[in-house]
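Heads up: the structure comes next, in structure tokens.
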């Protein structure tokens with residue numbers, strides 16, 4: 001199938017979701033050769049990935065991931081119909097590759113949101129293009145990443161936050177590592193990671209590196225069954241909600257997708273410069289994360305609060321971003337957010 005798919009894509013013809021599922025199945029099981037994988041993802045990048053193609057690829061990648069069972073399904077039979085009430089699991093994640101070299105905003109947000117009572121399954125990896133990825137900063141903070149899937153599950157169920165280290169949970173991706181490294185360009189795999197949380201997070205804030213991906217990936221999340229989420233792109237290039245300028249946001253609900261643009265002033269934040277948000281290596285970024293969680297005021301706290309607010313809305317912990325900002329600020333100022341970091345360090349080392 002992959003040979004036929006390459007021929008079609010080279011002619012600028014789209015694949016159906018079913019066809020993409022078949023091709024990705026060949027890639028994830030080692031049936032496709034490295035040359036075929038490289039040709040396929042390059043041709044797909046040149047054509048441009050469709051919602052159908054990304055959705056099909058994400059379904060296969062989810063299927064092959066090591067499953068993290070972090071929530072409980074509650075069966076309610078005290079009704080005429082049977083209803084399964086799933087416990088909310090949230091992910092805050094970005095595609096990376098935005099080139100801004102800011103500190104680890106979404107990683108900091110994860111601790112704040114979990115301190116508000118939301119179970120967070122933070123999916124991430126080491127740095128690819130920036131100085132410090134989420135795994136790098138967590139390791140520097142003292143979190144042990146070399147843990148079993150069962151321990152990850154315990155982190156989420158016992159303390160409300162766990163880190164899902166992508167390489168450890170997406171073993172089938174090993175077949176694509178060589179071709180991806182050798183061609184050295186962004187491909188569909190750069191956007192699949194945030195779509196394939198192994199804990200099955202049904203609520204999400206996903207940052208993307210270019211504005212053209214906002215509506216497209218929101219459509220994919222909707223197709224994949226996201227209950228409530230936001231896909232965001234700061235118009236300064238950040239794969240976060242930014243406080244330097246406006247942010248393009250797509251809200252995903254079970255009924256569809258809606259698009260809007262927000263400005264930091266609308267939520268009571270002053271604009272800052274990109275330099276005020278920049279990070280450094282893992283050591284520098286770990287210091288920044290600690291300072292924000294300890295309550296230090298300034299632009300770094302502001303950008304964490306605004307991103308945490310939308311995460312809390314996605315998890316239905318607050319009805320509006322304004323309400324959510326107050327919850328996030330209280331979680332930091334009370335010390336609960338910092339306590340979540342301490343708990344994660346402890347549980348991963350026990």
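Backbone N, Cα and C atoms are what each Cβ position is placed from, and that goes for glycine too.
Quick look at what Swiss-Prot annotates:
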BINDING   94, 97-98, 102, 104-107, 122-130, 134  5-phospho-alpha-D-ribose 1-diphosphate binding site
BINDING   94, 125  anthranilate 1 binding site
BINDING   106, 240  Mg(2+) 1 binding site
BINDING   180  anthranilate 2 binding site
BINDING   239, 240  Mg(2+) 2 binding site
Exercise for review: Would you mind listing, in sequence order, the residues at least six apart from residue 125 (anthranilate 1 binding site) in the same chain with a Cβ closer than 8 Å to its Cβ?
Suggested key: 96, 133, 134, 135, 165, 166, 167, 193
Review point. Any idea which of the binding-site residues 106, 126, 239 has the thinnest Cβ neighbourhood at 10 Å?
Key: 126
Check your understanding: Tell me which residues of the chain lie with their Cβ under 8 angstroms from that of residue 123 (5-phospho-alpha-D-ribose 1-diphosphate binding site), as long as they are six or more apart in sequence?
Key -> 91, 93, 164, 166, 193, 194, 196, 197, 198, 199, 201
Exercise for review: Filter the binding-site residues 94, 126, 180 down to the ones within 10 angstroms of residue 239 (Mg(2+) 2 binding site), Cα to Cα, kept in sequence order.
Suggested key: 94
Revision key, fill the gap. For residue 94 (5-phospho-alpha-D-ribose 1-diphosphate binding site) and residue 240 (Mg(2+) 1 binding site), the CA-to-CA distance in whole Å is 7
**Study point:** Separation of alpha carbons, residue 240 (Mg(2+) 1 binding site) and residue 102 (5-phospho-alpha-D-ribose 1-diphosphate binding site) (Å)
**Key:** 10
Study note, to complete from the structure: Other C-beta atoms within 10 angstroms of the C-beta of residue 94 (5-phospho-alpha-D-ribose 1-diphosphate binding site) total 24
Point to revise | binding-site residues near residue 240 (Mg(2+) 1 binding site) (Cα-Cα within 10 Å), from 106, 126, 180 | key: 106
